[in-house]
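Swiss-Prot has this to say about the protein:
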- 430: active site (ACT_SITE)
- 429, 433: Zn(2+) binding site (BINDING)
- 270: N-linked glycosylation site (CARBOHYD)
- 1-19: signal peptide (SIGNAL)
């Protein structure tokens with residue numbers, strides 16, 4: 001295992017209490033481990049396209065260089081006296097932009113939160129870049145020479161004790177792996193897979209600290225704990241990877257049972273483009289007659305355990321997944337329907353995101369990448385009616401090549417209980433965590449939404465995609481939408497405000513983030529801004545009723561799909577652990593790359609309305625700026 005992110009839908013709902021979800025959140029993790037005190041501080045810098053064009057005009061290019069070589073030259077010229085390595089996850093996106101990622105090193109040891117990302121345009125020149133490289137004093141001696149640091153077993157004990165992890169390390173032995181100073185622990189219990197440790201530096205408070213990065217997957221938390229290499233009961237920082245045929249289902253666009261009835265859908269992969277060449281029930285080598293295929297394995301998990309391979313799945317040799325549901329049934333009575341619905345929703349979203357550029361090279365979730373690059377063997381494991389929790393959901397995102405894992409829970413806030421698998425917005429929100437964690441910082445690095453503001457945007461992206469997809473043809477910019485209202489049985493939903501373009505209905509601006517210490521609240525602000533972006537683009541370009549977008553010159557022709565595409569492309573451009581301002585600039589730059597900036601003013605109108613105006617400069621305090629660019 002290597003770095004991963006666990007993201008959940010909401011703060012925990014007290015059992016039996018219907019009125020206290022995310023609207024009354026503290027910093028406490030819904031899974032019981034409060035990582036907020038351990039989050040990395042924000043250090044990323046981002047050079048947007050206009051500034052980059054002015055900055056690198058004198059940069060030496062060679063026509064013989066490929067995009068990786070050009071990116072490498074930029075890093076070397078920017079930090080000529082620093083050492084770094086190229087991360088093996090570079091690719092060219094569907095918008096023609098090449099993405100290359102670098103990790104800073106010291107004495108051959110990774111500085112785990114020191115990253116440099118370079119985006120190369122179609123013309124072979126640097127388009128944008130971002131970095132969080134450490135620029136302070138480097139250690140004078142190589143720590144591997146004296147090895148005056150604790151062994152990894154002590155670091156494992158320290159992480160378990162300090163964070164109160166449910167792992168028993170009494171017989172732990174550190175077994176060396178192929179990668180230098182990397183160990184797997186045998187003889188432990190309580191984790192879903194063997195814990196691991198790797199010796200890395202981190203930058204904190206202006207200094208480098210040598211740490212053991214201890215990785216523990218305990219189900220609802222998949223943690224990277226940075227344990228001091230000498231004082232092993234000191235945990236400096238923590239990253240959590242987890243941040244929620246014929247089918248009779250609620251069709252795509254119906255958010256929950258209040259919006260329509262289940263209908264019969266035949267061979268939906270025929271309408272969702274090239275994302276599933278083996279259909280949804282094959283992976284190029286095996287054909288399945290259950291809810292499993294190249295993209296998704298969907299099953300129940302009533303025990304809440306880590307085993308999934310042999311769990312129950314609906315089976316039909318005729319691939320006819322037709323089951324009954326009505327609102328008077330208990331979730332257990334309609335588990336076949338729920339698993340089928342989960343399988344349908346996640347596969348459809350997979351195929352939609354594929355059309356936008358979340359492909360094999362970009363780190364998507366597939367068993368067989370069909371020779372198209374990236375790391376395979378990492379389809380998403382999707383558990384319906386997971387017994388490890390209630391009133392929530394989560395998604396664990398390890399780096400490319402390791403399975404994503406979704407856990408969908410039942411909600412006890414209504415009688416009978418409700419199944420989150422039937423609320424598409426919750427499923428889409430969770431899968432979107434996999435999207436953002438694979439794209440931000442590159443598919444090999446799942447640590448790039450670990451800081452508070454960046455983690456908040458991870459939550460906001462989930463709500464944005466969930467809301468954009470549920471829009472109806474007769475909606476207008478005056479239409480408001482909530483999040484989680486049906487599953488939680490809570491009028492107004494589980495966010496502080498509904499998503500609305502009306503400042504009286506939802507008054508959030510960027511300045512409101514200043515007083516927030518919890519990712520879901522921050523995420524609501526970000527999704528609120530993106531909801532304005534969405535409607536500005538729909539007003540300009542209309543809204544298609546089709547599941548899949550129509551592309552003209554590489555860009556979706558309608559506003560809804562264009563918004564979703566630009567937000568996705570923006571993720572690929574921004575630096576590791578971005579802030580709102582850098583994410584805004586990345587979306588503007590994504591439009592520059594895709595449409596030559598045709599939508600700049602529509603985008604900036606939305607950003608400036610919510611306090612991210614053109615003259616905003618990120619500082620210690622978040623103060624609104626409502627300025628528009630002079631050319632708008």
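Cβ from N, Cα, C; glycine included.
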(request) Within 10 Å of the Cβ of the residue listed as 'active site', how many other Cβ atoms can you find? Include all protein chains, please. (result) 32
(message) For a quick check of packing: other C-beta atoms within 10 Å of the C-beta of residue 429 (Zn(2+) binding site), how many?
(response) 31
(message) I'd like the number of other C-beta atoms within 10 A of the C-beta of residue 433 (Zn(2+) binding site), please.
(response) 30
